[in-house]
Structure formats: structure tokens, C-alpha cells
Amino acid sequence: MRHRGLGLAALLALLAAVAPRSSAAAGAALWPMPLSVKTSPRLLHLSRDNFSIGYGPSSTAGPTCSLLQEAFRRYHEYIFGFDKRQRRPAKPNSAIELQQLLVTVVLDSECDLFPNITSDESYTLLVKEPVAFLKANRVWGVLRGLETFSQLIYQDSYGTFTVNESDIIDSPRFPHRGILIDTARHFLPVKSILKTLDAMAFNKFNVLHWHIVDDQSFPYQSVTFPELSNKGSYSLSHVYTPNDVHTVIEYARLRGIRVIPEFDSPGHTQSWGKGQKDLLTPCYNEHKQSGTFGPINPILNSTYNFLSQFFKEVSMVFPDHFVHLGGDEVEFQCWESNPEIQGFMKQKGFGKDFRRLESFYLQKLLGIVSTVKKGSIVWQEVFDDHVKLLPGTIVQVWKNQVYTEELREVTAAGFPVILSAPWYLDWISYGQDWRNYYKVDPLHFDGSQEQKKLVIGGEACLWGEFVDATNLTPRLWPRASAVGERLWSPEDITSVGNAYNRLTVHRCRMVRRGISAEPLFTGYCDYEYKT
């Protein structure tokens, strides 16, 4: 029987490449692959009742660190809490039991702080009988090490929790490893966002890029300007209250994840205008107002008064040092049609180059954000249109046409870069497109070593035109996992075949933990997803 969309030869090739059936008995399958892994054939057993996670005697963090206490509870449950299989009769227990994981934080723990771009996520993990040791400079490394430790443990054919003696040294290749979610095209319930944060932690992502508002809706509930969401959201039940936002930020912090909001302007702002009078530019048709509106009006003082107050609030709500300001896809037609803007352009000597007007607006906005002690991230058009950027402004490269050239130009100008162009997960295709994401290397462009140091990482972007809570998780995972390993693991971890074998197991592990990750290909999981 011919498979629709595949020739016989292609189908046979796919079947030949299928991974071993992903079951717990497959042993540990680490994802993302650590920097250095040494494993021994010597096996240790664990039991729920006899195993515990505690602190080493020299640890700077202890039982008062709620972040770690919550993580210990969470990972104990991840390891033992899904043991629902019918077991075979127990075999004679010949292996030595692993009784404890001792965690040591070496430096100031940062237990009550928020993660940032320079947070230390490195750790070492030594698993030997009768006690395993996890050591990290900060709590952020402990979180990453706990995830790795949990992945080392599997159940053998008798259902016994088993781990190989192991010695692991690990740290991330890039400091910025993000997922973009879009809550403007479709509202995503807080529960869905929290589930995404769980999955991000399983894949060692550390940035949630929250594209929170756009043309279609303004669900962010501003205390200073409540009419923005009252009139700009889809409905009053489709908003994120201050408590909702705080819940997301704190849930992320407990998993070592930063939350960076994006308030894109001057374009992508139609929803803003519904609740903020005179913010948008009136468009004209044959010398009369057409009744439609374009980008934010860049020539009014009231615009910048509003932006100053709004971003002052944003700076207090979101603790991360960076705010994403967008700046992409600004359409100039409405500005061109408006006689007041034409007069302003003439007064400023801008001629008919509306990129200079865009630059005028964005430079003022960058200054406002700097005044509230925040750094800025912008989409690549802001750089391409020669806006004068403040030092340290991060440029996010998203256009897929020769993105390597864009990386070269931005880094040559001395600006840090986030790469997203090859990782737009909303562009779905038949088959195993995760392989294409996996093969990308952010540093494969023509540039000096100093330039390549400016590539701080990347993001997998899932835009929301066709995504809501019903398909958010399976569309993200495990496709985003491929990006996660590329951004965490060493440059020489490139074998797609090896990745496939590990990722099928990791996908089942996510399913076991309640993440509805879609399958990579044919096969099964010992713990199938329960709705």
C-alpha cells in the first residue's frame, strides 16, 4: 500500500531510521546532552521510601531556600511519581541502593533573586554508591543538574528504579535560550503558559519571550492605563491581571527562567489605539481622514508622555533587565498620507525618507526605556533601518533570507544578537522538521571570534495566528527540544541519528510528566499521554 505523500523508497528509508521503541528500559537518554558525560555499567537502585534529596554540609543554601525546597519536591515526584505500570515479580536485588542526592551550592546562592543574562547555570554531578553529589555555584546550576539527574534514572524490566554510576560536568553553550509565545493572536490561559514553562525546564530553556500584545488584542491589564485592556482585549475574560503576570513570573523564576515581555511598536499596535485616544496615526484618503489608523503617531508629545508612564509601569512589573520593544514591519503608507506628519517631516528635514521618522520614534523610545533602567531588545529591522542604537541593545534576527549575512553585519557593528530566523515553529511541514532545526548552528557565519562572542543565543518562535491552548503544546514539543539542545550542548554534538534515539525517549519522558508532546515517528511510550 502506498503511503500518501511518500514514495516507497522514502517510506522504507524512514522505517529503517525509526528509533528503538521508547520505553523506560531503554536506559538514560539525556536531553540536552551535557558537556561531559562518563557512565559506568555499574548499576544502583533507588526506592521512593529510602531515597531523599538534601544539602551537603558546606552548602550556602539550605532548608530556608524555598526555590530549592520546591525543586527537591518537584523532582522527587518526577522520578517516582509516575510509577503506574503493572510490575513483574521482583527480581533478587543484587544492586547497591542509592540512598541520597546531596546538593551543594558553593557561592552566594541567589536563592531569592531572579535569573538574568549572566546567571551561572553550570554544575557537576557525581553518582556513586551510596550517595550522589550535585555541586553548583548558584541555585540555577542546581536546577539544571536536578533535571539531568532525573533523566539518568529509569525503570528496568522489573519496574525497579535504576541508575548507572555517572560523572557529569555541564554548562550551557549560550546564555540566552528562549521560547517565544504569542498571546495576542490567540489568548493563552495562564495554565497553558505554566505548562509551557514546565516543558521549557525539562529542555533547559531559560527565557520566556512573552509577545503579550499585538494588533489583534491587548490582554495585558495595565494599572496605569486600564482602558488598554478594557477596550483592546478580545473580552474582559481574556486578560492577564497583575496577579496572573506575577504568577507566571514567579513560576518561571522557580524554574530558572526569565520572563521578557514584548510590547511591539510603532507598528503592530492597532489594539493599543482602542483604549488610548490619539495614540495612533489617522490615515488620510484624498485629503480626508479615512477612519482607519496606522502606526503610533510619532510627532505628538502626548505619545511620549504615554510611553514614559507605560514603560515605567512595565519596568516595575517585569523584573528582568530587558524589555523587547519590537520595531518590526512598520508600514509607512499611513504616515505618508497624513498632512501633519508630512509637515513634521519637512520641518525636521527628513525629506520623504520615512525610515528617518521611524528612527526618530525608536530613538526616543529607547531613551525612555533606558531612563527606567531597562535594556532593550529589538527586531532586526531597527538595525537594518539605521536607527541609532544604544550600546548593548540586543538585535533579534528573524528574517530567514540569508540570516548568516545579517548575523555578520550586526555583530560587526558591535551589537549582541539573538537568532530566531531558522526556528519559526509556526511554519509546520510534513515529516520530521525538527531535524532541520537541529542542524542549525548559530555561529556558522563569516565573522571573527570577537563577533561570534556577541551571539548570545537564540529563540524558537511560535506565533499564534493558528495556535491556541488546544495545540500549543504539541506544536512546540518536541520540535523546540531540537533548538534546546543546539543552544545548550557543545558544538560537536551534531549526530541526527543519535539525537533521534535520545529524543524519542525524551519525548516519552515529557509525555510521562504530563506534556502532550507530539510523536517524532511511529512507536509507543510505556506511559501514554492521559487527557
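Note: Cβ is positioned from N, Cα and C throughout, glycine not excepted.
Here the structure is a predicted model, which means the values were calculated and not measured.
Among the candidates ASN164, ASN471, the residue that Swiss-Prot annotates as N-linked glycosylation site is ASN164. Bond annotation: of CYS65, CYS283, only CYS65 is listed by Swiss-Prot as forming a disulfide with CYS111.
Disulfide pairing as given by Swiss-Prot: among CYS283, CYS461, CYS334 connects to CYS283.
Swiss-Prot lists a disulfide bond between CYS508 and one candidate from CYS461, CYS525; that candidate is CYS525. The CA atom of ASN164 (N-linked glycosylation site) is located 29 Å away from the CA atom of CYS65 (disulfide bond). It is CYS508 that, of the disulfide-bonded residues CYS65, CYS111, CYS508, has its Cβ surrounded by the most other Cβ atoms within 10 Å. Each residue contributes its Cα atom, and for ASN116 (N-linked glycosylation site) and ASN50 (N-linked glycosylation site) these two points are 36 Å apart. Among the recorded positions listed (ASN50, CYS111, ASN301, GLU329, CYS334), ASN50 has its Cα nearest to the Cα of CYS525 (disulfide bond). DSSP assigns ASN50 (N-linked glycosylation site) to coil in the three-state reduction, outside any helix or strand.
Per Cα geometry, CYS111 is the residue among the recorded positions CYS111, CYS283, ASN301, GLU329 nearest to CYS508 (disulfide bond).
CYS508 (disulfide bond) carries a helical DSSP state (H, G or I). Put simply, of the recorded positions CYS283, GLU329, CYS334, the one whose Cα is nearest the Cα of CYS111 (disulfide bond) is GLU329.
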